[in-house]
Amino acid sequence: MKKKSSDFCFGSERKAQLSEFLENLSIDFNNFDLLNTALSHSSYSNELDQKADNNERLEFLGDSVLNLIITDHLYKTYPNKSEGELSKARSYIVSEDSLSSIAREIDLGSYILLGRGEESNDGRNKKGILADAIEAFVGAIYLDSGFSMATEFVVGLFDMYIRLMFNRGDFKDYKSLLQEYVQKKYKISPSYKLDKEIGPDHDKVFCVELYVGEKFISNGKGKSKKEAEMRAAEVALKAMEDINL
């Protein structure tokens with residue numbers, strides 16, 4: 001009888017990687033085998049000799065957990081929004097574009113186990129792989145620590161994006177759209193630099209500059225660095241067609 005990957009002890013190097021990932025997110029995790037499975041793409045497990053676990057089942061679970069958490073949060077936080085507005089917000093938040101963008105924010109791609117083929121094809125930056133992995137990670141948190149901990153993680157990660165959407169009155173992820181545009185046209189990624197912070201700690205405004213290569217493109221302000229980056233990306237995207245690098 002063949003063993004599954006969860007029956008094998010992964011090395012200390014991999015455990016150190018997973019510990020680093022959790023430390024960056026300030027999350028405690030009990031079952032590292034479960035976490036490792038959540039970050040194991042099917043292309044990786046298919047290349048192993050033994051029958052190995054991958055994150056597809058956890059993705060299935062995490063998709064439902066994520067939808068419930070987002071739905072509950074929207075319903076309770078925005079009592080004056082209509083059903084149509086809430087549905088539109090939820091659809092955007094759990095879309096592949098949004099999930100992959102948030103996965104990039106937490107550097108999830110660096111910790112995913114990929115097969116050689118996906119590795120050589122830049123699989124760590126593929127939206128589908130990143131979106132599936134963050135759903136699997138949410139599913140793993142739910143199994144490991146329960147619904148309350150999964151809710152705390154998801155709301156903490158997604159709430160800023162939700163507030164930005166409602167404040168702007170649209171549901172576009174300008175950072176993701178800009179990154180796709182710049183990578184496709186110039187084969188590089190835009191970068192963001194914190195220029196300055198204005199005001200007291202309890203009411204701080206962050207000022208961010210956006211660059212493509214060495215060229216300054218735009219700036220943005222916000223109550224958080226992420227909000228400032230989003231606004232800088234929005235300005236850049238709307239002006240990008242007129243910019244010659």
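Just so you know, glycine gets a Cβ as well, placed from its N, Cα and C.
Here the structure is a predicted model, which means the values were calculated and not measured.
Swiss-Prot has this to say about the protein:
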type     : residues              : note
DOMAIN   : 18-146                : domain 'RNase III'
BINDING  : Glu59, Asp132, Glu135 : Mg(2+) binding site
ACT_SITE : Asp63                 : active site
ACT_SITE : Glu135                : active site
DOMAIN   : 173-242               : domain 'DRBM'
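Neighbour counts of Cβ atoms within 10 Å were taken for the recorded positions Asp63, Glu135; the minimum is at Asp63. When each of the binding-site residues Glu59, Asp132 is scored by how many other Cβ atoms sit within 10 Å of its Cβ, Glu59 comes out lowest. Averaged over the domain 'DRBM' (173-242), the predicted model has a pLDDT of 87. Other than the site residues Glu59, Asp132, Glu135, same-chain residues with C-beta atoms no more than 8 angstroms from the centre of those residues' C-beta atoms, the Mg(2+) site, are Asn55, Glu56, Leu58, Phe60, Gly62, Asp63, Ala131, Ala133, Ile134, Ala136, Gly139.
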